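> Residues annotated as signal peptide in TrEMBL: B:1-28. TrEMBL lists B:HIS126, B:HIS131, B:HIS166, B:CYS167, B:HIS175, B:MET180, B:HIS321 with the feature Cu cation binding site. Taken from TrEMBL, the feature domain 'Cytochrome c' applies to B:382-470.
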Amino acid sequence: MLKKTYILLCMAFLLQLTAFGQVTTNMVHIRGGSYIPLYGRDSSMVEVDDFLMDKLPVTNRQYVDFVKQYPEWQRSKVKGLFADQMYLRNWKNDTLLEDTEHLKSPITYVSWFAASKYCECQGKRLPTVDEWEYVAMADEELADARVKKTYNEKILSWYEAPKTSTYEVGRNPENFWGVKDLHDLVWEWTSDFNSILITGESRKDVDKDSSLFCGSAAVGVTDLMNYAAFMRYAFRGSITARYSIKNLGFRCVQDVPVE
Amino acid sequence: MKTQPNFLRLYFNYKLALLALAFITLTACSNKEKSEPKDAEDIPVSREMIAELTAPPHVPTPVGRRKAKKLIVDMEILEEEGEMTNGVSYVYWTFGGSVPGSFIRTRVGDEVEFHLKNHPDNKLPHNIDLHAVNGPGGGAESSFVAPGHEKVFSFKVLNPGLYVYHCATAPVGMHIANGMYGLILVEPEGGLPLVDKEYYLMQGDFYTKGAHGERGLQAFDMQKAIDEKADYVVFNGKVGALTGDNAITANVGETVRLFLGNGGPNLVSSFHVIGEIFDKVHVEGGDLINTNVQTTLIPAGGAAIVEFKVEVPGTFIMVDHSIFRAFNKGALGMLKVEGEENKKIYSGELRDDIYLPEGGGIQTMPEGDNVVQEAPLQSLEEQLERGKQAYMQTCFACHQSEGQGIPSAFPPLANSDYLNADVDRAIGVVLNGLTGEITVNGETYNSVMTRQSLSPSEVANVLTYVYNSWGNSKKVITTAMVEKVRNQK
């Protein structure tokens, strides 16, 4: 019964979206293409279709609205199966943030289940690892800035900077696609974050899946870019779908309907 | 053996209660004599114990004669900003909030239950590879932990020795370069022989975006790390962690044991204590003992235990004898020894003689000698140029190229209040050396400058150079001024 209403609600939302002509101003169009992911070795090209991506990570304010609309995702009501006890830990109660938090900061302490459901209810979905990485390899000027030394250094320095999750979203310039904050605020959930099996023993992963990991410990000397990617993959490998973590948020994407 | 007749006598003479008592004593005795199972794997554990963890340079209490136990190790991973040297900060990743991480002290047969906690504020997943573990990844595989989580795994320590532990999460080199290493000691049954003082030192190399000494928060530089071009090579995570007030101490006659490790990530350490000879070295932290060693090699990801008795008082400088690392990159620590002088072992300077290689043998220069050397008049430019040459040959190693000195070890000459306050004193220091505590620009220094083998005109030149550089008072020192100070003595 409840589930039905729930689906109906989601559907209604979807319809509404369609009615407004799909592209909301908060999303940007990403032109698909093929690329070799950061972790790739030889010719393991990845194809990405056109899609729409949220310009910004989902904010606390947006998530507050979400749990008001879908009380089953409030902290006291969420099923243990779908989120660990850290879920929305920085909230005062089911619908209010702690005073120290900002409405414009990215939502964190959310599980994969919660993030997926949020996107679903907006008529969207979480990006795949391939989609996320495709957009994330752009800087302000280039769609693929990985060749630039400064690009990799900038990302690495963010990975080292402590406590960035409390910043407001949108503080960084748009990248080539018009997307912001991919690297500088929080880690972001992807739909298939755990499809790459890493054991946690990074040095052993060398022979685990050679097309993905050409040896984290034996990284090609010229291939500095791998370090930033390795850190993302290490992070994704360390989490499970129930985890709710301080530095982990998300944004949604949407397919472009085939004409 | 001897307890047997006693026991028999007891048996015949006393009542049952006493018999029981005697029996307990006997069992206790025989237990003591009987050593534990040969195979460390079979050593039984009794009771649980929370491991004492210490930040460097301190080490936990020796295991002594305690039995093997189930040892709970609680370690928290923290990513936090710290100071690399004066005015330079760095984001360290740490085991237990210090670089190197907390010292873990175990004995053979202990069953360690390891709790690895990744602080929720941290950004990255981490794990731990302990070289003391027999098992894949040294525990890394079972301890891969996301921020805000805790992983638990356990292992039995089988091999006595001193071992490195470190983080092994991709990119491994970066995790180590940011400070994620420490030492775990496995003592043999009955413990290591007791000594008077024990300390924990670990070397590491650091790679920063800015050059050595460049101020502000410095990011990690991956390219320099790959090229193995370290900006800092330090003991215990920062420049000056073991100098000045942070120096380790001992008293004359005491035996000092240093637990030494090298986290790397890249460089191998040639550990040396200036003015001491290691009586005993546990080579690479293992069973092999070498004696009478001057410098011991500590591989990256390796360790060593050194022991020596300190015979005379003074400040003993500990260095990586790849010596530019010590004087230019920070790999320098101090051991301050207090107590009675022993002139038989070390006399200090007895005489200063003139040495004339051609004829005349050795002449002693009397004190208060009034010889005035002929010094041709020089222009200020010439003086500065020669002074700079003399500086680079004689003073540069300690006071550094820009007169900045080395924090806590060698005082700065740049903008130095001590220097500018008194010209005659400065001349005297160069002529006669200086030992003991002085305050320069608000910082206290307590080290030794030897007398310099410079002629009066060279002293005048070098001091003129120093006074006319780096924001000093621009005084010009003449040979006559130097002679005047020299003759005062």
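Here the Cβ of each residue, glycine as well, is placed from N, Cα and C on the backbone.
Nobody curates TrEMBL annotations by hand; they come from automatic prediction.
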> Work out, from DSSP, the number of helix, strand and coil residues along the domain 'Cytochrome c' (B:382-470).
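Counting residues by DSSP class gives 44 helix, 16 strand, 29 coil.
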> Among the binding-site residues listed here (B:HIS126, B:HIS131, B:HIS166), identify the one with the smallest other-Cβ count within 10 Å.
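Per-residue Cβ counts within 10 Å for the binding-site residues B:HIS126, B:HIS131, B:HIS166 bottom out at B:HIS131.
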> In the structure shown, which of the binding-site residues B:HIS175, B:HIS321 has the fewest other Cβ atoms within 10 Å?
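Fewest other Cβ atoms within 10 Å, among the binding-site residues B:HIS175, B:HIS321, is found for B:HIS321.
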> Within 10 Å of the Cβ of B:MET180 (Cu cation binding site), how many other Cβ atoms can you find? Include all protein chains, please.
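Step by step: centre on the Cβ of B:MET180 (Cu cation binding site), count other Cβ atoms within 10 Å, giving 30.
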> Using a 10 Å radius around its CB, how many other CB atoms surround B:CYS167 (Cu cation binding site)?
28
> Indicate whether B:HIS166 (Cu cation binding site) is helix, strand or coil by DSSP.
strand
> Check B:HIS175 (Cu cation binding site) against DSSP and tell me helix, strand or coil, would you?
helix
> Take every residue in the domain 'Cytochrome c' (B:382-470), average their pLDDT values, and give the whole-number result.
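On average, pLDDT over the domain 'Cytochrome c' (B:382-470) sits at 85.
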> Provide the three-state secondary structure of B:HIS126 (Cu cation binding site) computed with DSSP.
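DSSP assigns B:HIS126 (Cu cation binding site) to strand.
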